[in-house]
Amino acid sequence: MVVASEIAKVASKTARDIAGCFTCQCGTQFDNVERIVQHFKECRYRDETCKDDDIVVYEPSSFVQDEKKDKPIIVEAASEATSEEACNSSKERQLPALSALSALSTLTTSANDDLWTARLIWQSTNDTKLDNSPSSNYTDLNHKLANYGLSILSIHALMCVECECLLNVIHTAQHMQIVHKLELNEDLLWFQELRTLKLKSPTNVLQTHSSQTHVYPYIRGLPVLLNGYECVPCTKNGTGFVHAIMDTFRHHVRRTHGKVIKLENCIRRTALQTVKNKYAQRCQFFKVDYVPLNGGEEEEEEEGEEKEDAQNIKERMVDFCFSKFMEKNQQRREQQDKGENKKRQDDVDQATDNNTNTILEDDEKDNDEEEEEEIVNAREKNLLNQQFNWTAIVKKLGENWDQLVRFEYTNGIVTLDTIVNQLIRYYYRGFRHLSGMTMGMRRMFTQGGSYSAQERGLCRLEQKDTVVRYAQSAALYLIFLLRRPSADSGIRRHLEAMCGATVERKEGGSNSSSNISNVANFDSAEDDNDNDNDNDRDSNNNNNNNNTNTDDDDKLAYLELHEALKLAFLQQYDFSKNVQDLEIMEFLACMSLHKDGTSKYAYEISACFAPLIYTCRLVAACELQRLIDEKQIDLLSIPSFQTAGSIAYAHVFCFITLGQRNLYDVLYETQKVVRDIIRTEGYANTLQGLSPSTVLFQPRSNSMYPCIGDAFNNMVRLDLSELTALYEGMFAKVQDLLKELCFDMNVEKLLPISLLRSIGDDINNSKLGYSFFKESIEIRSSHSVLLRTILKNSELCHRFFPSMSKKDLTKLFGGVSDQQRNECDNYSNHYNDNSNDNDNDVFLKLHWSKSAIKKYETKASIFNELLFCLVYISAGQPARAQEMVYWTLRNGKYKTRELYLMFGRLMIYSRYDKTRNMKFAEKPIPRFLSEPLSILALRYYVLVRPLEALMKYVTTADRSKVAVYLDFMFVIAGERLQRDLPYRIFPKATYQCIQKPLGFRNYRHIAHYFKEKNIEEEMTRESYFDLQAGHTRNTALYIYGRTMDNLHYLPSDYFANFFRASYKWQELLQIRDNPTHGLLVETKHPFIKRVDQLEEALNEKLARLVGEQMVEGDKEKDKTNEEKNKDEVKAEMTQPVVNQDSHDLQDQLATTPTAPTAFHYRPGLLQPSQTSVQHCCWALSQYYGLEAKFRSLKQFQSVYFSLLNRMNLITVLPTGGGKSLSFLIPALIEKKRQTPGKVMNMVTLVLVPMMSLRQDMMLRVNEKGLLVCSGNWTAFKDVRLTLETQLPDLFILTYESALTNSGLRFFESLATLGRLARVVIDEAHLLLTSGAWRTALSRASRLSGLYAPLHLLSATFPRQLEMVARQTFCTNFYVLRETSTARENIFYFLHPYDNTEFLLDLRTLMKRTKVFEGDGRAIIFCRTKKDVEYIHRRLHQSDLFAHTHVTIYTGDVSDEERQMNFDAFRNANGKTRIMIATKAFGLGINYMGVRLVVHYGLPASSMDYVQETGRAGRDGKYAIAALFYEKYDSTWSSYVEDSMKNFLNDNTMCVRSFLASEMDGECVCCASFANCVYCSRCSDSLLGEESTVSTMYGVKPTLPETPKPAIATHSRYNASFSSSPPPQPGNSSGMSAMNTNTTSTTPVSLSELSEITLFPSSVSPTWKKSFGNANTNLKYGLEDMSLSHRRGHKRTYDEHLNNVQQGVNHDMNRVHGSVGGMSGIVGIGIGIGDGDGDGDVDSRTIHFAEYKSRVQAVKKQWVDSTDISAQLERFFRVYKDECLSCTLGNPDTEIRAHTGKACPVRLSTCYKCGKADHNLRECKLRIRFQGLCLFCGLTKFEHADSDMAYTSDCRSWARKANLISLVYYAWNNVQYRRTIADKFLQGDVRDQAFYGFVCCSTTTNSAFVLVIHYLLSDVLQIM
C-alpha cells in the first residue's frame, strides 16, 4: 500500500502555513519535498508493494491557496480543499482512498503545538455532527464504520457509539472482539489498515484538554457531567481544578486551601466531560461549553432548478426566519443559563411588605388550604380547655385580649415592620451558622431529641415565604411580650437598640433590601420570582452566599436582636410556677380564639407551634455559635455539651432539653396534645360520604360562587357523574379553544394521535434545554405552521396585519431570500451582534395589530387555565397547586423538566418538594394524562406556543420575555401561572361547568374518598394513588395528611404502577377514547389462581363421587353454559361504578311507568276542590269570625293557589285587599294537617322590606295566636334540622337578614327536607326597583333555588315589572291582578301648594274625612326628613292644631322611638291623630282608621304615589288622598319621574286613568267604575262634596261597610257541593294577566266559590309552566291539577327523589267532613270524582322537573354575572403593560411605556370630573360609595378571598388596573359620555346621575365593571 508520506507531497501552501513542515507517518518532519522523497526510500513504514516510480511531486501551482488571507479561517476549509486535490490525484494515480485519508490526518495532526494551530483545530469541533458531509473524505469510511457502531468525529478521533467512549485506533479490532463479541474474520485485515489513520488517541485528547481553567467545546457522543464541581479560588489564581466526585473535591480543598475557606465558598457547579478509556486508571475531567448547536440549516438550491415563485419564497423565508427566531431564543436562554448568573430580582423587604397584616390569616390556614367558616366545635373546645384551661387564661387578660395579638405595633422607633425585617436577616444569618456545623452537631438541636438515619437535624428553611411567615410569628410573640403590663424591660431595651441601629444604617445610605436578597440567595423554587428570565430555582444545591460580612450597624442590630430573642425564647421556669401563668401559655390562649371569642379548631391552632419551636431551636444554635466564636467552648468538648454543669449546657442546651421546665418543653408538650386532638377532630366535618358515588362537601361561606338549590345543612351534594361532566365540559371548551387558536386547521392530520407513540424521549437526559420536542422532525417542522397560515389566509392576514397588503408581505420576505445563505453561514456572528439584532429582524418590521395579538393572548390564557384544571382533575390523585405552577417543559439550569413522554401519554414527573425539604430525599411522582388530553396538550405546545412566543417578542421587542413560553407548562397573560391564581381559576371553572364551586381542598378530599370507595381494594401500605396525592397510605386512612415515607429505590415497574393508578382514575371518570394499547395486563394473583385451580379440582372430584354419567354433547353444552355464565358475571363485575341517582331526571322520567288512573280527565274548565274550599273558609273564620267573606275572587284565588304549592304567583291587589291572607291561611291549614308525633310543621318564609312592616305583621299574627312566628332565623342556626325539629310556622324577615349566604343556606336545608312550604316576598316591587335593596337583589335570584314556590305580593306592580321578575328569579309567574290599582273608595285630590293656605286646607280635609272623630287618623308624607321637621314645627306652632297630637316617623329616629310613635298613632283610644313621615311609613302599614293621606310635595314615582295613598281607607270607607305640589317640582325637579310631571301638567288626565295606565297597562277612568268616588279632575267640586257626588252618580255618601276587612263566608261547612263540573258560564274571570275584565269587589260567599271556574278553557303559550287545564298540563310542563300535590312532609329530600325515580305511588289521604278532625295530607280534587288517583308520582315529577329547570336557570344567570368580572380580570392581566387611558382616548395608538398613573393625558386633569382647572382635593363633586369597595370599585361578590376587600390594603385586580379612574376618564371623554348615558342612564348625561349609578351596588357586578366591559367589548371591540 501507499504510505502517508506519499500523499504528504501534495500538501498545499495552506497546509504549510498551518503545520510549518511535512510529517511522515514515522513521525519525522521535513521542510521541503526533496528531503521527504529521500526519506521515503529509507523509511521502515514503506510498503513493499510501493515502488519509487510511484512517488510524484506536484507543482505548487496545483496547490489550493487562500488569496485573501495568509492563514485559513477554519481548518475544515483547508482540509477539504486539500482533500479534494488529493482525491483527484488519487483517482488519476488510482491510489486507495484510505491513503488519502491518512495524508489528511497527518496534515491536521501536525506536531507544531503553537496556539494558533490549537485554536483552529478546536474551532473545527464546533461542528458537533459526525463528519458525514458530502464533501468530506470521511463520508465513505464512516458509512462502513457505522456497521460496527464506530464513527470518526470531527476532532479526528475514533468513537464507539455504543460504549460512548473514544478508542485508540490500534486497539479497535481487539475492542470489537472482546467487548462486543464480534468475529472479524474477513474484516480483520480492514481493521488493521485503520491503524494507518493518524487519528487521535484518548490520551492525546486528554492532553489537549489538560488545562482545567479553559473551557472547551464539548465532544458530541460523550457524556456530559452537568453538575461537576469547580474550585473557585483555584480558578481565580489561574491554576484551576475541576472534578466530578465530591469526596475528591473535598480532599482537594482541605489539602490545597486548608480550613481557612469553607467548602461552600469554594464550590461552583460547572459542566464537565471525561474521555472514558479502558486502560485509564484515573479519570481526568475538563470543563466544556455545553451548548449543542441545532442543525437544520437550509439546504442550498441545486443548480439547474427552476426559480421559485414569490409565494414559495415567502413561505420558505417565513419558516427560515421563524426557525432562526426560535434558535436565537434557545441560544440566548442557554447562554444565560451557562455562565451569567443574573442577580435575583425579588426583594425580601417587598415580600415582607406584601405579607404584612396577614400573620393571623397565615397562622389560621395551611399553605395550600382555604379558610374554613368560623364555627365553634364544642367537643374540641372542651378537650383543649380540659388540658390547658385557655378560656380562663383569656378571661384574666381582660376584654381587650385581642389587642395583645394584634399585628400592628408602633412605639417610638420600635415598629413591627423593623422587627420582622431584622428577624428575616437573623434567620438567614442563623442558616449560615447551621451550614458550618456538622450533621452530628445539628442533630443535637433535633426536635424531641430523637432522629432517624435520614434526619439532618436542625436545617435551614427552604422556602422564602416560610421564612417570612416564621419571622412574623416570632415578631408577634415579641410584640405580645411588650404589650403585657409586666413586660420585661430587657426585651424592650434590646429591641430599641436594634431599631436604632437599623435607622442609622438606613440614614447612612446602605441598602438593606439588597443585603437581604443576597443573604436569601438560596431560596427554594416555590418562592422564585425569576420574572421568567431564567430557570433558576435556587435551592441548597446552589447557596453560594457571597455577602458573608456585614457592617458594624448590621452586626450591632444582630447582636441586640439576639439578646432580645434569648430573653424571650431561652427561658427556664421554676417548677413551682403555675403553667397557666406563663407568658407563652397566655400567648397560645389568645391565638386559640377567633376575634369574636369563639374557639378555633385544633388544626388551626397547630400552625402556631412550628414557628415558635423552630425559632427557639435556632436561637439556641446561634447562641452556641457565639460561644464558639468567643472561644468560651471548644469543639473538642462536643460530647460534654449536653452534660449538666458544662458551659454549653448552661447557656444553650438546658433551654432546648425536654423535661427541664423550659419554654421549649411547654411548646413541645402542648403541640403533642393538640396533635392528638387533631386525629379525632378531622377536618371540621367538611366531607360526608353518602355512597361510593355520592358525597356531601362543605363549601366556603364567603365564596363568590354560591351553590344554589342543592344545600343539605350547609353542605352540597356531589355525584361521581358530576366529576365526569366536569371533565367533559372543560375538555369540550378546551377543544373549541384550540380550534380557534389554530384557526380551524386540521390539526389531526398535521399532528396525528400516533405521534404520541412515535416520538422518542430520553428520560435520563439531563442536557440543558433538552425536551422531547427536539426529537421529532414533525414537531420541529410544525413550529411555523400557524404563522404561515396567517400569511396565506386573506382574512387572517388582514386581522393581524391590517395596514399591510399581501404584496408588501411578499416583498418583505422576498428581500430576506437573497441574504439567507450568508445569514446561515454567519449565524453565530449575526447573533452576537446584539446591536443590530432588532433592526435586522424581519418580524419587527411587520405592522402587527396589537388588538388582534391581545385577543389571541387572551384566548390562550383561557386555554391554559382550563388545561391546568384538566390536568389537576384527570392525571390521577390531585397534585399541589404550588408545585404545579412551576412545572416546566425542558431542562433548566438547576432542575430537570416535568413533562415527559411514556406509554404513549404525556407524563408529568414531578418531585415532591416538601419531602425534599424535610427529609432531604427525592420523591418522584409520575402522573399520566389521558390520551385525548395528551394529544390536545401536545398540539397546543407544538403549534400555538411558538406563535405566542413570537407575538410576545414583536409586542415587547425583548427576547427575555419569550423564555416563559418555552419553559413553563402553564402561561397566563405572558407570565408563568402565579401561585394565587389556581385558587381563583379552579372554583370559577367548576362553577361554570357544574354550578358547584369546588375548591382545591374540597376536591382533594373528594378525590381521595372516591378512590377509596371505588378503586383501592387492598389495604396495602404503598398505594400509588396516595403517593400521587402526597401522603402515605396510613395517613390517608386516618386524617388526610401531608407527610410521606422515603422511597429507597425505583423498581422496574414503578412507572407502570403509576400509569395503572392514573388510568384507573381516568376509567372511574369515564374518560372516553382512552385505550391502553395493551400496556396494562392485569394478571391474576398467584394465590387466587391457585385457589381457582383447587376449586376446579374439587368440583371434578365431587362430580365423580356423585357418579353423574353425561354424554359428550351434554358435557359440551354444560361447559358452554358455564363459560357463558362466567363471562356474564365477569362483565358485570368489571363494569365501572355508575351512580344511578345521578342520571338526568328527564331521561329517567321518560321511561318511568305510571299507574293507570281510576278516571279520565274531561277537557274543559277546572273547578276547585270542595274540601279545599272548606278548609280555606274554615281558616278564614279563625281569623275574622264565622261571618267573614273573601273580599274578591282574586283574593280567594291567591289563597287557593298558594295552598296548592304548585306554581309561582304574583298577586297584585289594592292596598287593604287582604294580600297577607294568601300565606296566613295556607300556613294555618298546613299546621292543622300535620300528623302529631310524626312530621312537624311546614314553614313559610315571608320577606318584607322594612323593620316597621315586620313588626306590624308579627304583631297582627301574634294577636290571633293561631300561628307561631319568628323574626330571627339565627336562633335556629346551630340546631340540627330534621323532620322532627320544632320550628316556627312563619319566619318574617327583612330582605337584608334573609338574603345572606348563611341565611339562604339555612332555608335551603329546610327546603331540602321538604319543610319549606313557600317563599313570600311582600312589597316585591321595592326589591326589584328600589336602590336601597341592591345588595339583597343581587342574591334574590337564589330564592328560586329553594325547593318551594315563590309568591310575590304588591299593591303597585306595573306590568313592566313582570318581565323583570321573570328575569330576576329565572322562572315564569302566574299573575293575579285586580283590574284597577286605584281604589274606588278614595277621593284623589290634586291642588297646587300654597304656603299660606296649606294648614287651613289641611284642617278642612281632616274635617271632611272626620279625622277628629272616633279612630280617624291622617298621614302626611314628605319627601325629605327636613320637610318632616318643617311640617311638624308648623303644626305645633299653629293654633289650628293646638289640641291635636302629632308624631313623626323617619330614619333618624331610633327604633324604640319609632315603635313608640307608631303604637301611639295606632292606638284607637289615643290622642295622636296625625303622623308625619317619609315614604318608609308607606310600606305595608295596616291600620284601618286612616281617613286622610296628604302628600307634601310630589312623590318620586307613580308606584310611590299608589303605595302611599293606599294607606287610606283600608276598611273600605270613604277616604281622601290629597296631593299638594309646587309648579317647580312638576316641571324641573330631577328626582320626579317624567311620567309624574306629565300627569300633573296635563289637567285633563283622570287620576285613575293615569294610575291604570302606569300600573295595570289599561285605559280606564272614573266613569269606567260602577261604584266609585270621582277624582278631583273628574268632579266639578273642589273638594268632592259628598252630597254633590251622591246626587250626580247616585251613590251613598259613604261606601258600603264591611265588617272587618277582607273576608267572610257562611258558618256552614257541611254544605252539599256537586262533584260534577258545573255548566260553563258565559263570562268567567280569566287567570291571564292580559284579561282586562272588571271584577266586582262584592264579597264572595261559600256557595259562590263552589261554582267558581279558576282556569280558562284555553291557555296562552306565553305562560308556559304557569297554569293550564287538564289537556294542556303536559304540553306546557305543568303538573296535573286533578291530582293531590303532596309535598315531602314525611320523607326527606332523598327519599322523595328516589320515590320519583322508582315510580312509587303514594296513598292519597282524603279528608271529608269537619276540619276539626283533619289529619294527614289534604287532597285537592279538581274536576274529578270521588275515586283516588294514582298519578301523584307524575304530579310531583313534573313539579320537581320545573324546579330543576328553575335552578339551572338561576345558576346560569349567576355564572353569567360573575363571568363578566372574570373576563375583565383576564383582560387587564393581558393589557397590564399598556396604558388603557391612551387606548380609550385613541384605540389605534401604539403600546405605551408608561403606566396609567403616569399617563400625560391624565396628569393634567382632575381625577373625578376630568377638568383641568383644579385638582382632586379642590373638586366640588362629592361621591359616596354604597356596597362597593372604596379602593377598587368592586362588590364583595367580585372579590377573591385574598384581596382584603374594603380595606386600604385591597389587592384586587381592579385596584391594580385603576378601574375607578379609568371609568371616570371614560365618562369625562366626550366620545363615550353619550354612549354610556344611552346604555345605562336612559340618556341622562348629568354627572350626578352617572356617579349615582356607578358608585352604588345594584347587582352582583359592580357598575364600574359593567361600564368598562361595555366599552371594551361592545364599543371598542377589543375584548
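Backbone N, Cα and C atoms are what each Cβ position is placed from, and that goes for glycine too.
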Candidate ranges 578-581, 1050-1053, 1322-1325, 1406-1409 [criterion: Swiss-Prot lists as motif 'DEAH box']: 1322-1325
Positions on the same chain near the motif 'DEAH box' (1322-1325), where near means CB under 8 A and six or more residues out: 1210, 1219-1220, 1246-1249, 1253, 1257, 1352-1354, 1356-1358, 1361, 1365, 1483-1484, 1503, 1507
Packing count at MET1240 (ATP binding site) (other Cβ atoms within 10 Å of its Cβ): 19
The motif 'DEAH box' (1322-1325) - residue tally per DSSP class, helix then strand then coil: 2 helix, 0 strand, 2 coil
For THR1244 (ATP binding site), nearby residues of its own chain (Cβ under 8 Å, 6 or more apart in sequence): PHE1223, PRO1226, ALA1227, ASP1289, LEU1290, PHE1291, LEU1316, ALA1317, ARG1318, VAL1320
Position of peak Cβ density within 10 Å, selected from the binding-site residues THR1215, LYS1219, MET1242: LYS1219
Long-range Cβ environment of LEU1213 (ATP binding site), under 8 Å and at least 6 residues apart: SER1192, LYS1194, GLN1195, SER1198, LYS1219, LEU1353, ALA1355, LEU1376, GLU1378
Secondary structure of GLY1217 (ATP binding site) (DSSP, helix/strand/coil): coil
Neighbour count (Cβ, 10 Å) for GLY1217 (ATP binding site): 24
MET1242 (ATP binding site): secondary structure state under DSSP, collapsed to three categories: coil
